[in-house]
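K.L.:
Features from TrEMBL:
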| type | residues | note |
| --- | --- | --- |
| TRANSMEM | B:7-32 | transmembrane segment |
| TRANSMEM | B:80-107 | transmembrane segment |
| DOMAIN | B:84-294 | domain 'ABC transmembrane type-1' |
| TRANSMEM | B:119-140 | transmembrane segment |
| TRANSMEM | B:155-174 | transmembrane segment |
| TRANSMEM | B:220-238 | transmembrane segment |
| TRANSMEM | B:273-293 | transmembrane segment |
Amino acid sequence: MKQTFFTRTFFEISLIIAGIMLVSAAIPLFQLNDISLLNYGKTVWGIAKELATPHDLIYINPLSGEERNLFPIIFEAYFNSMKIFFLALIISLFISVFLLVLYFSVSERIKKSIEGIGYVISSLPDIFIIGIFQIFIVWFFKRTGILILDVAATMGNPIVLLPAITLSVLPTFFFFILMVTILKEEEEMSYVELAKSKGLRKYRILFMHMMRNVLISLTNHGKHIMWLMLSNLLMLEYLYNVFGVTPFLFSYGEPSIFAVTSIFIFLPFFMLLKILEFTFERRIGSDMNL
Amino acid sequence: MNPKTKHIIVIFICSTIILSLVVGSLIFNVVFNGEIPQTRVLNDDSGNLIAIAPFPPSFQFPMGTDRDGNDMFYVILKGAMYTIGVSLIISCLSFALAFVFGIIGAFTKSKSKYITQTLFTSFYFIPQSIIAYNLLFPFLWEPPGGYTTTLTERIVLQIVVLSILTLPTTAILISNEAVQLLQKEYITSAKVLGASRFFILRKHLLPHLKLRLFIIYPKIIIQVLLILAHLGFFNLFLGGTAVDHEYGGSPAPYVNEWAGFMGTNYLELYNKAWIFLGPMFFFALTILLLNGLSKGIENLLETQLDPQIIHKKQNIKSKTIIGVSNIKKDDFSLVKSS
């Protein structure tokens, strides 16, 4: 069974959307008095019908009880979230590469300790890092009177930078540890030896030759990183009071709103993964399935 | 030191600390009835009032006290059993189920497997703590008239729901590990020799998979711990949230565990930080130890499976760098002619 890349991607997207709908339909399960397969089926059907006419969806604010059409309002929230997410992703990629350069220019003993520290930080829980960041900024403000960044969003003053920086901490070290592990394996490959024997400089080998292979392995972990960052993002939005997609996901009463929001979250990430996969397949010819 | 002993020491230390937390908590709860020493006010020698709770960390209260004067150290000790215990139960359940589904998935190669796996990929794009919140909210949030269910019922339901929630991703993980092993050449040769699926599973797959599962298991516990903590921050606590519908007080947990305590005291971060940071520190420590455990087992397996690794490492050390003389005097010794 040989499918082209695009039909396969299309098939996968529709399957995952179906999966999201099935999950969303399970949400009001405990509110119903009798849990039966028939009711579940009815909810799935209801969601499918409501998704077919998305502009009629109504979102009720759980705090104020205000009713609004879902559609213009969700975009604003959605772009806020995406800004934070992709800014964090870019920051973490840059810093982890920077750390990598640093790592390769120090002695063996310092390397060991950098690795250890990186491992410890990358395995800290997300809420711990959010807490530490907030307490640090407040402490700094109390000491010096300089507010580095706003710690909480208020009306008309959305914050992007601090959440993005906080969100980038875990993936930075995750990337870093991953890259170090992959590079260690890569270093023993014969093409690196050849490049060394030809007298190429260390960083040239690192960035021109080894980095390409590292990127492939990194993308293989893409789904995992997205997963990690996503749950982290929602926690952040909740604790920093950012107007993002999180409030739409708390709408336990309306499974169709949950479904719409989840589909919105899922699409760009999946597209990104697929584009990466496609580029690698084209340029390097490696076969991967993310 | 032999790298193998080093990894064993790491594993030993990590598991001992976690175990002593749980056992200490168990002893405190059962033998001492879980009574937390409470100090509301402090008097000096002549009986004058000098301070009222909360007290910052000091010699008398190593981790400070909360606003009611409860000694934080005992609060944390009391909660350890519930938080770690419940996440152990949930991860065990989910792991056992995921193992069965994962193995079945690994052995089937039909189109339906591809479809189910892609369907379940949707779990990667909706954070599990959000699904858990939405599922559990009607059950755990106290309705205006009080609960119609008992505390045990709610805890059991929460355990079941969370283990089902973590099931899909765990099953995919185990299935992928198994598929990787099944692609090895010796499996193909076993098939050629006419081994049945069950035989391959028992004789060829399990011995290798068993080791990999030891690495995965602590990670599942971490995942469950994080979901519990997130739920705590969203004000859904283990066994239900007590809501004051009459006077509108802040939601309170029924069970004295870490997630609930952290969730209710998050805002203390801005004024009495130690009330939040104490439990947070222990929570993070538990996760770090579990990660260390997982890493230790992984390293141990690497050295065990590949006895050459010790040899290889020594080789790397003695690599000569061009232009630098690595020749030592000891390298030359007089060979006696016989």
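Cβ atoms are placed via backbone N, Cα and C, with glycine included.
In TrEMBL, annotation is done automatically, which means it is predicted and not curated.
How buried are the listed features, and what sits near them?
P.N.:
Taking Cβ pairs closer than 8 Å, the transmembrane segment (B:80-107) reaches residues 18, 21-22, 24-26, 29, 113, 116-117, 155, 159-160, 162-164, 166-167, 170-175, 177-179, 182, 197, 201, 205, 213, 216-217, 220-221, 223-225, 228, 238, 255-259, 282-283, 286 in its own chain, all 6 or more past its ends.
Distant neighbours of the transmembrane segment (B:220-238): 82-84, 86-88, 90-91, 94-95, 128-129, 132-133, 136-137, 140-141, 155, 158, 162, 165-166, 169-170, 251, 253-255, 257-264, 266, 283, 286-287, 290-291; these residues of the same chain sit at least 6 beyond its ends, with a Cβ under 8 Å from one of its Cβ atoms.
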K.L.:
Going through B:7-32, B:119-140, B:155-174 one by one, which has the most CB pairs that fall under 8 Å from the transmembrane segment (B:273-293)?
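P.N.:
Looking only at B:7-32, B:119-140, B:155-174, the most contacts with the transmembrane segment (B:273-293) come from B:7-32.
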K.L.:
Should anything in the same chain at least six residues away from the transmembrane segment (B:155-174) have a Cβ under 8 Å from its Cβ atoms, list it; otherwise answer none.
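P.N.:
The answer is 86, 89-91, 93-95, 97-99, 101-103, 105-106, 117, 120-121, 123-124, 128, 131-132, 135-136, 139-140, 149, 209, 213, 216, 220, 223-224, 227-228, 238-239, 255.
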